[in-house]
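This report concerns only the one structure given below.
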Amino acid sequence: MSSPRDRGKSLMESSGSEPPVTPSRYESQKRRDWNTFGQYLKNQRPPVPMSHCSCNHVLDFLRYLDQFGKTKVHVFGCMFYGQPEPPAPCTCPLRQAWGSLDALIGRLRAAYEENGGSPETNPFASGAIRVYLREVRECQAKARGIPYKKKKKKKPTTETSGGRDDSSSPSSSSFNFS
């Protein structure tokens, strides 16, 4: 098998005088995440081939990643539970932030299909993964005292009453950003 250096060299030789395209930050992160997940599966006892990967392996991987988290998530009995900015340190665990896990699953879901997996068998697109992420989001929001509410999409306003100026009405001139 050729080394990454040799493959890069042959790509440059075959592409003529065009410089190699640098992958975007997203593409680089997606490749790193895919390789990390693949390594995680290889390290299982016994190793799990990607073709046998299920949503349970993905859930185990997400739980495994918690040990490297940087987000303080207060446990229910902690005196700072529900406080967004606690006044003192506590012994509650650090976890992966919900947003990081959500973005990770999005990248892995895309990488799975780019690497030959079918959308119908994508373990990263499983309903169990969505449920897990929703539970993490809600748990972290409660523990930090930050209510998480899904933003509702505004309905587009339409012109009514032929030419009447409604600019003085509160509903058309004010915006609700909460």
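Cβ atoms are placed via backbone N, Cα and C, with glycine included.
TrEMBL entries are annotated by machine, without manual review.
If you check TrEMBL, you get these features:
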type	residues	note
COMPBIAS	1-10	compositional bias 'Basic and acidic residues'
COMPBIAS	168-178	compositional bias 'Low complexity'
DOMAIN	25-152	domain 'ALOG'
REGION	1-30	region 'Disordered'
REGION	144-178	region 'Disordered'
DSSP-derived helix, strand and coil totals, residue by residue, for the domain 'ALOG' (25-152): 76 helix, 4 strand, 48 coil
For the domain 'ALOG' (25-152), the mean pLDDT of the predicted model: 92
